[in-house]
Amino acid sequence: KLFIKDLEFEKVPVRIYQPKVPSPSQRKGVMFFHGGGWVFGSLETHENLCRAIARESESVVVSVGYRLAPEHKYPAAYEDCLNATIHFMKNIEHYGVDPARIIVCGDSAGGNLAAAVSQTLAGRSDLPRLRAQILIYPGLQALDFNLPSYQQNQGVPLLFRERVAFYMLQYLNGDVLHMQEVLTGSHIPPDVKLNYRKWVSPDNIPEKFKARGYKPHVLLDCTPEVYETMKRFCEPNLCPLLAEDAIVHQLPESFILTCEYDVLRDDGLLYKKRLEDNGVRVTWYHLEDGFHGIISLFDYCGLSFPAGKRGLDNIMNFLKSL
């Protein structure tokens with residue numbers, strides 16, 4: 001049902017999925033960024049998911065094979081996703097896509113990249129405005145690894161708390177020298193943390209998400225040497241939750257999927273609040289019985305979870321509504 005073609009956009013490998021069935025009007029275009037902690041994942045790992053999105057929503061899907069850490073550190077992955085998206089926007093007429101209906105989408109680290117690309121394009125007047133962003137259990141900050149979801153789900157597969165810190169550090173600078181500081185929260189000075197507390201705080205998480213247990217975390221000091229290697233964690237292109245209101249205010253309509261049994265749950269909840277506080281329309285879908293990675297396990301090696309299917313159906317319904 002699809003034409004599938006491998007190309008390069010600005011030297012970035014992409015795989016394009018186009019429905020074969022003729023369309024009476026221009027299609028939606030979905031830029032898809034795969035998950036895998038910026039360290040693994042590929043066009044292949046998310047092949048089934050991209051096929052499903054293209055088929056079900058009758059959209060043109062462009063899956064981006066961005067460079068991976070630790071060989072390629074931040075901002076390599078972000079720049080690849082941004083450059084591929086801009087290339088697509090500038091050459092839209094070749095793909096039968098409506099310039100007013102371009103969507104960025106990603107899962108996990110790909111959700112992080114989609115949020116960062118969306119923020120960067122928000123202020124661009126020389127390109128079409130994005131129609132929407134779809135963030136599937138995204139990781140959006142590296143300031144606080146002791147939020148309720150991190151405490152409650154630290155040992156829940158497929159993503160453990162330590163692994164998030166590991167991947168974040170691999171992407172940031174290719175080593176895990178200061179992993180312990182990141183986990184305890186002594187990697188960013190207290191005054192810098194307090195500066196972002198209006199956005200990254202357990203106080204902004206609805207009480208019902210603390211019911212499975214939460215212990216407030218003490219602010220710890222940070223040495224200047226550690227902060228020197230970690231300060232880029234405060235850049236919104238790496239941690240989109242820290243973007244200024246002036247940027248967030250301009251973001252397109254958003255879909256956020258969170259899972260109850262996921263260390264990254266609260267990143268999604270905090271971003272949902274930020275978007276809504278800034279007047280951005282948000283469709284939020286929470287999988288009460290979901291865990292991290294459940295959407296990309298859709299039809300993977302014979303694995304399939306009912307919750308994953310429900311999540312995917314909700315993503316498709318949102319896409320179809322655009």
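Each residue, glycine too, has its Cβ placed from N, Cα and C.
The domain 'Alpha/beta hydrolase fold-3' feature in TrEMBL is assigned to 30-175 (among others).
Summed and averaged per residue, pLDDT over the domain 'Alpha/beta hydrolase fold-3' (230-295) gives 98. Annotated domain 'Alpha/beta hydrolase fold-3' per TrEMBL: 230-295 (among others), in sequence order.
Across the range of the domain 'Alpha/beta hydrolase fold-3' (30-175), the DSSP-based residue counts are 62 helix, 25 strand, 59 coil.
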